[in-house]
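Engineer: Structure below; questions to follow.
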Amino acid sequence: MKTISEIKDILRKHKKILKEKYKVKSIAIFGSYARNEQTEKSDIDILVEFYETPDYLKFFELEDYLSDLLGIKVDLVIKGAIKNPYIKKSIEEDLIYV
């Protein structure tokens, strides 16, 4: 199981590709990995902000790319897509930006 530091290092090393190919403006980890509560069965929750909003195909391509890159199932969420104020607040409290 990867640590949060290892995950951040991997994402940092691939920032250029994330920016150029997927138009990623910012990326942050939240959820169990951010709280150091992950288990072997945990996925990793990633909040992403784009320079240009991708179509669905590109969005799921990015999710698959990140899952393959990290070796962990990624649950990708677009910044601004969460409308429920309680969920939004909970996510914001966890955020670890890369």
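Cβ coordinates are placed from backbone N, Cα and C, and glycine is handled just like the others.
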Engineer: May I ask you to find which of Asp9, Asp75, Asp94 Swiss-Prot records for the Mg(2+) 1 site already listed with Asp43, Asp45?
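Structural biologist: Among Asp9, Asp75, Asp94, only Asp75 appears alongside Asp43, Asp45 as Mg(2+) 1-binding in Swiss-Prot.
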Engineer: Beyond Asp43, Asp45, Asp75, what residues of that chain have CB atoms within 8 A of the centre of the Mg(2+) 1 site's CB atoms?
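Structural biologist: Neighbours within 8 Å of the Cβ centroid, excluding Asp43, Asp45, Asp75: Gly31, Ser42, Ile44, Ile46, Lys73, Val74, Leu76.
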Engineer: State the three-class DSSP label for Asp45 (Mg(2+) 2 binding site), counting H, G and I as helix, E and B as strand, and everything else as coil.
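Structural biologist: Assignment for Asp45 (Mg(2+) 2 binding site) reads strand.
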Engineer: Taking every protein chain in this structure into account, which of the binding-site residues Asp45, Asp75 has the most other Cβ atoms within 10 Å of its Cβ?
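Structural biologist: Per the Cβ count, the most surrounded site is Asp45.
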